Amino acid sequence: MDHLLDDLETKEIDVTSISSSKRHRQKLPYKVGVAPKQNLFEEITSTVKETFFADDPLRHFKDQPKSRKLVLGIQAVFPILEWARDYNLTKFKGDLVAGLTIASLCIPQDIGYSKLANLAPQYGLYSSFVPPLVYAFMGSSRDIAIGPVAVVSLLLGTLLQNEIDAAKHPVEYTRLAFTATFFAGITQFTLGFFRLGFLIDFLSHAAIVGFMAGAAITIALQQLKGFLGIKNFTKKTDIVSVMRSVFSSAHHGWNWQTILIGASFLAFLLVAKYIGKKNKKLFWVPAIAPLISVVLSTFFVYITHAEKDGVAIVRHIDKGINPSSVHKIYFSGDYLLKGFRIGVVAGMIALTEAVAIGRTFASMKDYQIDGNKEMVALGTMNIVGSMTSCYVATGSFSRSAVNYMAGCHTAVSNIVMSCVVLLTLELITPLFKYTPNAILSSIIISAVIGLIDVESAVLLWKIDKFDFVACMGAFFGVVFDSVEIGLLIAVCISFAKILLQVTRPRIALLGKLPRTSVYRNIQQYPEATKVPGILIVRVDSAIYFSNSNYVRERILRWLADEEEQKKESYIQKIQYLIVDMSPVTDIDTSGIHALEELYRSLQKREVELALANPGQTVIDKLQASKFHNLIGEDKIFLTVQDAVLTLNPKSVVEEAC
């Protein structure tokens, strides 16, 4: 009985669809809408607004008195003035604990990272004093922890070393580092001020995963010098040169006391990291472990005088706060352009890392950050930093994660960290004299292990093989050549993917889903049936000069294939070609020219062309080019179903029957 009822309902639906189809043939309910024509100024204004001001940053200023607009303007530049009004003791307690925790982590890391950049240890501490203070006033992220990071330190050190030998010309090298930092800040500030932050998105996630993993391997290999106590070590960063240098000095260059210290504390640091990972409440264990390692190893070397047995130590860190370095920046001469080039590269990488970290933690706490404001804040802090003896600083993922887990509420945690670094510079730096280099190497190795994201690489392989190739290209470029080559490969592969997707867009052959008016890709929906006498295709991309010929040729090739199949099976010849334009967001003159050529080619084959659902931008350009007159306005439809009902209504009735 139920089956009979279902059959009756199905027949009733089919009869209804047939009758509606007949009514539809008499008069289509809708035509493709055409928006009122904009003048040139309105069109340019709309495009600029959508490109650079999509988030409408001035919306808060609307309908506000001048005094209020001034206050909002100042708060936009210095967000601290906005959230400071609601600041209380409870928030300060969380920020104090978080600030002290990340300070215990940053001090030993800063000393190690400065060595990656081939700079004296104090410059790492300087870079965790001034930049975090500037960011606390201008940044919008509540969780990001500012300071030197491993990847940027290595990148900066490699690029600077290619220009000046740090060992032979330390003064010129340091001056070039400040110059590069200045231009890194200028680059970041410019991108944010002119709202060009979307440019950093051209470095794909896959390329970043590979680049970071490769940089982590390279950084770890560079630490073998301090970890094994090798004095004569290669200045190259590729894995072949490093391993050759390591094994060639195995018989006479390794120091067993240094290896013992390094291996013991590396094991301690890895165990601490494991404990923190297993139990989130014990996040403070891996955070404080580096400082404990420094204190214990320094005390051990001091009481045993292990430096006399060949254990390399820090020896000296300048005491006092950051001295001015404005006069050390190259504003003229040959090093100006070199500093600019290095600064742009380092600034972009630092920016990519900081914005990604900021967005990650903002999403976890459900608040918004303005990427362009972040760039202005990061740029300003590096400009100020370059004038106060700092090198490129950015957001550190490891420190930001600790900051987040320690319960920070605002950027005051950065201020607390800066105050601790200030006290360290003023009072404690002489105590680092006997700190062994091996412990700094162990701290860096344990820190960069987290940059190797195997899970993401596996996921890339499962989701998108091209993304995996981009990841591996960047990885092997860094590991087997250099950081800059790996970065270049990452950028090139990212652009190659964009070009491939633009020049070879997906074009789908559509069929009708049974008992519906929906047309979908027949590869995705095998049950979808082709409409007799009609070929329906969908272009899943904008049609530009770069892909217009491919789109035309692919459609004609599909038509030829269909006609050949029809001849072999004696099925009705193709009479109409319907192009579903729903996904086509834009079209240029080359695209319109390709459609005109397609129309003429179809005319020779006695096939009529029809378009379905072109968007506002597309229909405006088609009308401006008089293309609608060429094919006829009656051949432009709101939906594919409208086109099929109008061009070949018999097919719909036959299917319903």
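Glycine is treated like the rest: Cβ placed from N, Cα and C.
The transmembrane segment annotation in TrEMBL covers 144-161, 173-194, 206-224, 254-275, 282-303, 340-362, 374-398, 404-425, 437-461, 473-500. Per TrEMBL, the feature domain 'STAS' maps to 524-647.
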Intrachain neighbours beyond the transmembrane segment (144-161), with Cβ under 8 angstroms and 6 or more residues off its ends: 102, 106, 109-110, 113-114, 116-119, 124, 127-128, 131-132, 135, 173, 176-177, 180, 212, 215-216, 218-219, 222, 235, 237, 342, 345-346, 349-350, 353-354, 357-358, 361, 381, 391-397, 399-400, 402-403, 413-414, 417, 444, 447-448, 451, 482-484, 487
Within-chain partners of the transmembrane segment (340-362) [C-beta distance under 8 Å, separation at least 6 from its ends]: 140-144, 149, 151-152, 155-156, 159-160, 163, 176, 179-188, 191, 197, 200, 203, 208, 368-369, 371, 374-375, 378-379, 382, 392-397, 400, 404, 484, 487
For the domain 'STAS' (524-647), the number of residues DSSP places in helix, strand and coil: 63 helix, 21 strand, 40 coil
Integer mean pLDDT for the domain 'STAS' (524-647): 91
Contact set, same chain, for the transmembrane segment (254-275): CB under 8 Å, 6 or more residues outside the stretch: 226-230, 282, 285-286, 289-290, 293, 296-297, 300-301, 306, 309-312, 436-439, 441-443, 445-446, 449-450
Long-range neighbours of the transmembrane segment (437-461), counting only residues six or more past its ends (CB under 8 A): 108-109, 111-113, 115-116, 150-151, 206, 209-210, 212-213, 215-217, 219-220, 223-227, 229, 258-259, 261-263, 265-266, 269-270, 273, 290, 293-294, 297-298, 311-314, 397-398, 467-468, 471-472
Closest-packing stretch to the transmembrane segment (282-303), where packing means Cβ pairs under 8 Å, from 173-194, 206-224, 404-425, 473-500: 404-425
Same-chain residues at least 6 beyond the ends of the transmembrane segment (206-224) whose Cβ lies under 8 Å from its Cβ atoms: 116, 150-151, 154-155, 230, 233, 237, 239, 242-243, 246, 352, 356, 441-442, 444-445, 448-453, 456-457, 460, 464, 467-468, 470-479, 483, 486-487, 490-491, 493-494
Folded-back contacts onto the transmembrane segment (473-500), same chain, C-beta under 8 angstroms, at least six residues removed: 154-155, 158-159, 202-204, 206-211, 213-215, 217-218, 236-240, 345, 349, 466-467, 546
